[in-house]
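Among the features that TrEMBL reports, transmembrane segment is placed at 341-365, 905-925, 955-975, 981-1002, 1009-1029, 1035-1061. The Mg(2+) binding site feature in TrEMBL is assigned to D434, T436, D828, D832. Annotation source TrEMBL lists active site, 4-aspartylphosphate intermediate at D434. Look at TrEMBL and you will find D434, K435, T436, E551, F593, K617, R646, T726, G727, D728, N831, D832 tagged as ATP binding site. Here TrEMBL flags 855-1070 as domain 'P-type ATPase C-terminal'.
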Amino acid sequence: KMQINSGPDAWFSEICSSALIRNLQLWEPSFQDYYRMGRSRFTSRMASPNKSHAPCPVSPPSLPPASCAHSALSWCCEWLRCCGGGEPRPRTVWLGHPEKRDQRYPRNVINNQKYNFFTFLPGVLFNQFKYFFNLYFLLLACSQFVPEMRLGALYTYWVPLGFVLAVTVIREAVEETRCYVRDREVNCQAYSRLTARGQPPVFLFITQNQRVPADMIFLRTSEKNGSCFLRTDQLDGETDWKLRLPVACTQRLPTAADLLQIRSYVYAEEPNIDIHNFVGTFTREDSDPPISESLSIENTLWAGTVIASGTVVGVVLYTGRELRSVMNTSNPRSKIGLFDLEVNCLTKILFGALVVVSLVMVALQHFAGRWYLQIIRFLLLFSNIIPISLRVNLDMGKIVYSWVIRRDSKIPGTVVRSSTIPEQLGRISYLLTDKTGTLTQNEMVFKRLHLGTVAYSLDSMDEVQSHIFSVLLLPQMLNNNLVQVPRHKGPTLTTKVRRTMSSRVHEAVKAIALCHNVTPVYESNGVTDQAEAEKQYEDSCRVYQASSPDEVALVQWTESVGLTLVGRDQSSMQLRTPGDQILNFTILQIFPFTYESKRMGVIVRDESTGEITFYMKGADVVMAGIVQYNDWLEEECGNMAREGLRVLVVAKKSLAEEQYQDFEARYVQAKLSVHDRSLKVATVIESLEMEMELLCLTGVEDQLQADVRPTLETLRNAGIKVWMLTGDKLETATCTAKNAHLVTRNQDIHVFRLVTNRSEAHLELNAFRRKHDCALVISGDSLEVGAGTPPTGSSWEVGGLCCCVLAPSRRSCSCPPTDLGCDIIFSDGGNDVSMIQESDCGVGVEGKEGKQASLAADFSITQFKHLGRLLMVHGRNSYKRSAALSQFAVFSSVFYFASVPLYQGFLIIGYSTIYTMFPVFSLVLDKDVKSEVAMLYPELYKDLLKGRPLSYKTFLIWVLISIYQGSTIMYGALLLFESEFVHIVAISFTSLILTELLMVALTIQTWHWLMTVAELLSLACYIASLVFLHEFIDVYFIATLSFLWKVSVITLVSCLPLYVLKYLRRRFSPPSYSKLTS
C-alpha cells in the first residue's frame, strides 16, 4: 500500500520532508535508531529482508534538512506560527508539486487528559486546596511543625488529611489512566497511505467502518455509484447517514495511484467551527484547459466521522487544533452542586464561630502577652469543630448513590458519568427538554396529503393508489391490449374530473419521490446476496438511508402508493411503477436543506421525455413567497400544524433547455467564487425560485415515547416547571405540548408576540405575568431578546413553556436565570451538548440522533419515563441522606468539641474513625418512604425545593443539641468524679461513644440490616480496644459497678429528652411522609 521508489534512503528522506497528520503516531523506534545508531544502521535495518515493519500511518512534519541554509531562528518562528499562535488563514495544498513543501500541520494527537506526568500531582493538589475546606486542614496540619503551636502527635492531623488526599489522588489517577488508554487506542490506529518521494501531501486510504483521522477532501471511492455514506453521530449527534461525493476529475482517474501523477492543488477556506458548510476549490493544472471544481460540504470528510460504505481516498486538509471537531469542543465546566455550596457556607459559619470563641478566650485574659499567638493556639485547640470526616463521608456517599442508581433494575441502562452531583437531582426546579427524539420517538409516520381541494389521510390512501394506477399502469395495459375500454362519443364530465385529479395526484407523488436526498441501499438477507439484490431491486433487501427521518417517511409512503425509489447514484435516480416499469431521471443539480434556507430542491431531467423540472419542498414560511398566489396555503398549513403534524410544502417549475443552460453557467461561476460564495450561490438559486407551481402539502407525525404523559404529570405535581424546546413552528409545538399533557386541556396559552428590543420584551413579560395559571409559547427570536432582559422571578416561573423555531445556537441562552433554582437539561441530540454543559445537571438519552448528548451529560438514561424515578426516588434519597450525613457530622464535631481537651492521641483518631464512622456512614442507606410511595406521591419532592432538610434552622438545631449533650457529658463526668483524672476520661469518652450511637439510631427513619451491623460492630470495636487503651483509660475501673451506673446516668440524661421531643413532634406535628408510611 506504500510506494517506495528508491530504497530505504529515499524513504527516510521522504519521512523527514513530508507533512504531518497529527492524529497518528510516527514510527518512533525508527527515528530513535537513526539518531542513536547513525544513518548506516538505520538504512541497513530498513533494507533487511528478514524483518517486517508496519507501515508508517502518516508522514511527519516538514523538518529542515541538515544541508538547508535556513537559520534556526526563522525555522522556529515558522514552527511556532504553525503549532501555536497566529490567526487561521486560507490554505493551499499542492498535489504533484515536489518543489512546494511548505505545508505544515499542527500535531494530530488526541489528548483528553487534564494533566500530564509533571502536572498531575501539582494540578490535583491545587484543585483540592483552592477550596476553603481543604485549605483549612492543610494549614492546620502544617502548623504542627511549629513547636510553639504543636498540640499533639503529628499523625493525629496528617493521617486524616493524608487519607482524604490519597483517595482523591487515586481517583484522579484512575480516571487519567483510563483516559490515557482511550486516547492511546485512538492515536495508535494505523492507516494506509499513498505517497511518493518528495511529495509532501499524504493520500490516506480509509476503509469501511474506519474513523476519519483528520479533516480531508474526498478524492476517490471504490463504490460503483461514485459516492459514499458517512456516519456522523459522534460529530453532530445525528445517526442518519450522510451522502458524500468525491471530486469529479479525481474520481474519473483509472486507479488511485494516478493521483501521484497529476499536478493540482486544493484551495480551502481558513479553519472555522462550521461543520455544515465548506468553501474551497480543486484545480487540475496539467489538463488542457485547466479544470476547476468547486468544493462544498459534500466533498469533505470531517475528523471523527466513520466511513459507512466502501473505501475512500482523501487528502489531508486540517489537523490538530484546526479540526472542525476540536474547534467545536468546549471544555465542560466543573459542576458543583447546590448542596456542596451550602455545606461550604456552613463550614465558613463554623470557622467564624471558631474565630469568635478564640477571641473571647483571649479577651478573658485581657490580651496579655503575645495575644496573637494565643489566638492561633485557641484556633488549633478548637479546630475539631470543623470535622474533616465530613468531606470523607460526603464523597463516599456520592459513590454509594451512583452505585445505587446504576444498580436500579427499574431504570436499566442508566449511567452516572458525574458522581459529584447526585444530590442535585433532588433540587430540580426547571426541566428543559428537547422534543424530537426525547419526548417523541423520532420515527416519522406519513399522515396527510393535501392538494388544496381534497385531502387524503391514512384511511383514504387506496384512492391515491388508484390515481397512480390510472396514470402509470392503465396506459401501459391499453397499449398491450390487456384492458377493453368501452367507446363513447366523447369524454364525460366525470372522466375529465378524474383525469385532472389523477394527474394532480401523480404529479404530487412524483415530486415527493424525486425531491429528497434519500438513497436506497441493498443488503444481503441470507437468501439473496447484495450484488444480486441491487441488480434486481429486491424489495426485501432494500433499506433507505437519509439525513432526516422525515424524508425516509415520505419515500416509504410513495413506495406504499405505487411509486418506488429503487436506485440512486451521484447523477441519476430510478423509480419503479406499479407495472414494474423503470423510470430514469438524470440529476442535474441538488440544493441541500439548510437551517437558514429551510428548503431543499433538485433539478432532474426525465430520460423518456427530455423534460427538465425543478422540484422544491420546504417550510411554509419560506415557500409562501415562492409559489404562485393561492388562497388556501396558509389556512391549511395552520390546520395541519394544529393537529401536531410537521408540514412541508411541495412545488415544481418546468424549465426550458436554454433557461437551464443559462442557470447552470451562472451557478457554476458562483460556486467557483471563494469570497461570499454562499451569498452568490443563493442569489443564483433565487432567480429560479419564482412563480413555482404549488403541488401539495405533506404532513408527518412524530409519535410520543412511552409513558410521556404520566411522567410529565408526575414532574408537574412535584413542582418542577417543564420547558420544551423545539425547532417546529408555533402551532405544531403547541399541539405537541397539549398531546403530551405538558399543557393541561383547561389551561390558557399565552403566545409571546415577536419582539425586537428589550422594552417590548419587558412589556410582553408584564402582560404575561398578570395572567394566572397560563402556559407560555415563545419563538427563538423573542427568547433571545427576552434573555437579554433581566426579568423578575415570577416572569419566568411558568409551569409549561414551549420555545419553538429555536436554532441550536440559541438553545444555550434558553436556560432560566440561575437565581430561580436548579435546572436540568434533558436531550438526545448533539446540537444540545453546549446547553447540557451549561446546565446545573444534564441528562442525556441515547436516541435516533446518536450518543453525543448522552456522552456529554452527567447522567444517561434510555427512556424519558425513567426520568421520573431518577428524580423522585434517587434524587430525593440522595439529597436527604447527604443532608442528614452532613448535619450529623457537624453535630459530632461540636458535640466532641465540648470535651476535646480531655482526649489525646489515639482517642482523637478513634472517635472519628473506627468508633463512630460506620454508624454515621450507614445513614446513606436510610430512607423515609419506600420508592413506590415516592413515585405515587410526587408532592413529597416539592418539599425539597425549599432546601428544608439542610438549612440554617436545622443547622442551628443540631448545634444546640450537640452543645447540650457535650455539656451534659463533660459536667456530668466532673460531678461524678471521685479520685483520679483518668476516671473522668473513661466515663466521659464511653458516654460520648454511646450517645453518638444512640443519636444515629434516633436519626434513622427506616432500619437496614447493615445499619444494625454497623452499630454493633462499632460498639464491639470500642469494647475490644479498651484492653489497649490503658494509657488513657483505667481498665480495672471500667469493670466496676460504679463505672457502669455513672455512664448509664450521663447517657440517659443526654439522650432521653431528645427521644421525648422526637415522640411529641411525631405525635402532634408529624411530617408529610410519616402520614403516608402510617
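Placed from the backbone N, Cα and C atoms, the Cβ positions cover glycine too.
Remember, TrEMBL labels are computer predictions, not curated facts.
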Inter-residue C-alpha distance, D434 (Mg(2+) binding site) and R646 (ATP binding site) (nearest angstrom): 16
Distance [Cα-Cα, Å, rounded] between T436 (Mg(2+) binding site) and R646 (ATP binding site): 11
Cβ packing number for F593 (ATP binding site), 10 Å threshold: 19
Cβ neighbour count (within 10 Å, all chains shown) around R646 (ATP binding site): 22
Around the Cβ of D434 (Mg(2+) binding site), the count of other Cβ atoms that are within 10 Å: 26
Count of other CB atoms lying within 10 Å of the CB belonging to T436 (Mg(2+) binding site): 23
